[in-house]
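Down below is the structure, laid out as C-alpha cells.
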Amino acid sequence: MAAMVTKSAVQWPLPEARVPLPLILNAVGECAVEIACLDLEGVLVPEIWIAFAEKTGIESLRATTRDIPDYDVLMKQRLRILDEHGLKLADIQAVISTLKPLEGAVEFVDWLRERFQVVILSDTFYEFSQPLMRQLGFPTLLCHRLITDETDRVVSYQLRQKDPKRQSVLAFKSLYYRIIAAGDSYNDTTMLGEADAGILFHAPDNVIREFPQFPAVHTFDELKKEFIKASNRELVL
C-alpha cells in the first residue's frame, strides 16, 4: 500500500521552486535562449486591410502603417470608413477566410521554430487572426481586440498596451531571453530597435531609407541568413 503524504509532510512551494533558475549560456557567456519576434501582416501573410479594400473597391481602406505611422489615427480612419459604407466585422472575416500565407511563409515559420522560440507580435486583432494562424500552425500571437455592438458593427478597438511590440520585447528581455525581431513597417521599428538584433523584411523604400541601421532583405532565404547571422549560436540553413 502506498504511503500517504500529508500536507504537513510536504513543503509548498517546493524549495527548488524558490531558487532562481540559472541562465542557459553559450560558450562565451551570452544568453543562448533566443526568441524570434515577427510581425504578421506584410511579413508572413497579406495585408488584411489591403485585401479587404480590393474586395470592396474602397481605395481609402488600402492605407496601412506603411502610409500612416500613427496607429490610432489609422484605425479611427478605418472605423469611420467601415461605418460610412455599412460594413460589419463579418464582412471583413469573410475576406480573411479566403487569404493564404505569403509564398514560403509556412516553410519559413517551420524552419524558424526548429531553431528559436517564435512569437508573433502584431497590430492585427484576434477577431481577424484565426484562419491565417491556423495555416501557420498556431504560433503564439500577441495582438489587439476589436469591439463590436449587437449588430456586428465595429465601434472601437482595444490596444493591448501602448507601443506593445517594444513592450513585449522588453518583457522577454527581463526574463533573460535574447531577441531577434523582423518587421516591415513604421510600427515595427521600436520593436526592432529594442531587440538584440532587428531586421527589416519586405519593407518599402521609405522605411528602409529612414531606418538604415537595420539590415533590409526581401526573400525568406535572405531572412533565414539574417537570423543565422544575428544569432549567438552556431546555426545552419
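Backbone N, Cα and C atoms are what each Cβ position is placed from, and that goes for glycine too.
Under the heading active site, nucleophile, Swiss-Prot lists Asp39. The local packing around Asp39 (active site, nucleophile), expressed as other Cβ atoms within 10 Å of its Cβ over all shown chains, amounts to 26.
The annotation active site, proton donor is assigned in Swiss-Prot to Glu41. Secondary structure at Glu41 (active site, proton donor), taken from DSSP and collapsed to helix, strand or coil, is strand.
Under the heading Mg(2+) binding site, Swiss-Prot lists Asp39, Glu41, Asp184.
According to DSSP, Asn187 (substrate binding site) is assigned to a helical segment. Long-range Cβ contacts of Asn187 (substrate binding site) within its own chain (separation 6+, distance under 8 Å): Thr65, Pro69, Tyr71, Asp123, Lys165. Among the features that Swiss-Prot reports, substrate binding site is placed at Glu47, Arg78, Ser122, Asp123, Lys165, Asn187.
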Item checked: Among Arg78, Lys165, the most crowded of the binding-site residues [Cβ within 10 Å] -> Lys165
Next item on the list: Provide the number of Cβ atoms within 10 Å of the Cβ of Asp123 (substrate binding site), excluding the reference atom itself.
Entry: 22
Next item on the list: Taking the recorded Mg(2+) site as Asp39, Glu41, Asp184, identify the other residues of that chain whose CB atom sits within 8 Å of the mean position of the site's CB atoms, giving them in sequence order.
Entry: Leu40, Gly42, Val43, Leu44, Glu47, Ser122, Gly183, Ser185, Asp188, Phe201, His202
Checklist line | Assigned conformation of Asp123 (substrate binding site) - DSSP reduced to three states | finding: strand
Next item on the list: Starting from Asp39 (active site, nucleophile), work out which of the binding-site residues listed here (Glu47, Arg78, Ser122, Asp184) have their Cα within 10 Å, and give them in sequence order.
Entry: Ser122, Asp184
